[in-house]
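Here the structure is laid out as structure tokens; the discussion comes afterwards.
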Amino acid sequence: MAGQRVEVDGGIMEGGGQILRVSTALSCLLGLPLRVQKIRAGRSTPGLRPQHLSGLEMIRDLCDGQLEGAEIGSTEIMFTPEKIKGGVHTADTKTAGSVCLLMQVSMPCVLFAASPSELRLKGGTNAEMAPQIDYTAMVFKPIVEKFGFQFNCDIKMRGYYPKGGGEVIVRMSPVKQLNPINLTDRGSVTKIYGRAFVAGVLPFKVAKDMAAAAVRCIRKEIRDLYVNIQPVQEPKDQAFGNGNGIIIIAETSTGCLFAGSSLGKRGVNADKVGIEAAEMLLANLRHGGAVDEYLQDQLIIFMALACGVSRIKTGPVTLHTQTAIHFAEQLAKAKFSVKKSEDEDDASKDTYIIECQGIGMTNPYL
């Protein structure tokens, strides 16, 4: 296995945890020994944080690999992968580090394991600077399953900043290979729905206020659709700590999904949280793409591994997406192109087609 170590510069482009997630997942899948340097070099707290460390340790464990330099604050790691195995894998950030990001790094790997897997992920389920678990379950899941696999996502306990304490169990079976996807036809918006939640000591009124403010904001732009945002009080036995937030989803006639979400912070009034989520959703509906800005980068690694040509239509290509493409090309040797959409409907919009010739990764164990 151990050929030449692939060198990755963790300080370029997005320059954060995402480079680490994409490169270690691909290293694990392709059996490429890896060295990542300058990890999070430009961040206010450089080097590995607890959530990055728990992700790395999980990848190491699920392929019986070797990991050097993995400690808090370290800016360089070496990783030597071995065979990917199924079974139960646990990762605990011990903080409000995002379980959704742990899922992002581990899911592509266990698709190519020898047997079914259960990922027990502990940390924040609704955390800043990361997808909320509701986004993962309601938007990411149905779209990523178009690559030809299913997974089950069981939210045992919700956890919020700063305590964390959430737990999600993901179960999935391996596949022989991934199908390419084509997400270029957006269709028209047919429904808008969502949930506004409070947990812990926060009054239910906060959930109702977030929902009402979001509905008012969306109504200004989209008058002819019923907007159904449920206010929710998270049950005491299913939420650890205090938190509030909202996610709103728009579904289209062709099955595309877009979202806007926001989390409450101390001293920010409920209306503002609701409006922020609504404005994010509306912005994602304006650009003419068939995926929202948060799904873009999460699909890149699957496109790179798929067997055949995948195409997705997006709004402005994010730095996270450019970064994922760069490392998918460097490590997996997949071929991507990003071009302005030539569709006449998109002429006035900032719309792009990301195309990828996948490498047709096949599962050696099936």
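Numbers run from 1 along the shown chain.
Every residue gets a Cβ built from N, Cα and C, even glycine.
Mean pLDDT for the domain 'RNA 3'-terminal phosphate cyclase' (13-338) in this predicted model: 97. Residues or ranges marked as domain 'RNA 3'-terminal phosphate cyclase' in TrEMBL: 13-338.
The annotation ATP binding site is assigned in TrEMBL to GLN104, TYR294, LEU295, GLN296, ASP297, GLN298. Every protein chain shown contributes to the tally, and the Cβ of GLN104 (ATP binding site) ends up with 23 other Cβ atoms within 10 Å.
Note on the domain 'RNA 3'-terminal phosphate cyclase insert' (184-285): DSSP counts are 37 helix, 37 strand, 28 coil. Annotated domain 'RNA 3'-terminal phosphate cyclase insert' per TrEMBL: 184-285, in sequence order.
Around the Cβ of HIS320 (active site, tele-AMP-histidine intermediate), the same chain contributes GLU14, GLN18, GLN296, ASP297, each under 8 angstroms and 6 or more positions distant in sequence. As annotated by TrEMBL, active site, tele-AMP-histidine intermediate applies to HIS320.
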Determine, for the ATP site, the additional residues of the same chain whose CB lies within 8 Å of the mean position of the CB atoms of GLN104, TYR294, LEU295, GLN296, ASP297, GLN298; present them in sequence order. PRO131, PHE140, VAL291, GLU293, LEU299, ILE300, HIS320, THR321
Tell me, how many other CB atoms lie within 10 A of the CB of GLN298 (ATP binding site), whichever protein chain they belong to? 23
Recorded ATP site residues GLN104, TYR294, LEU295, GLN296, ASP297, GLN298, farthest C-alpha pair in Å: 13
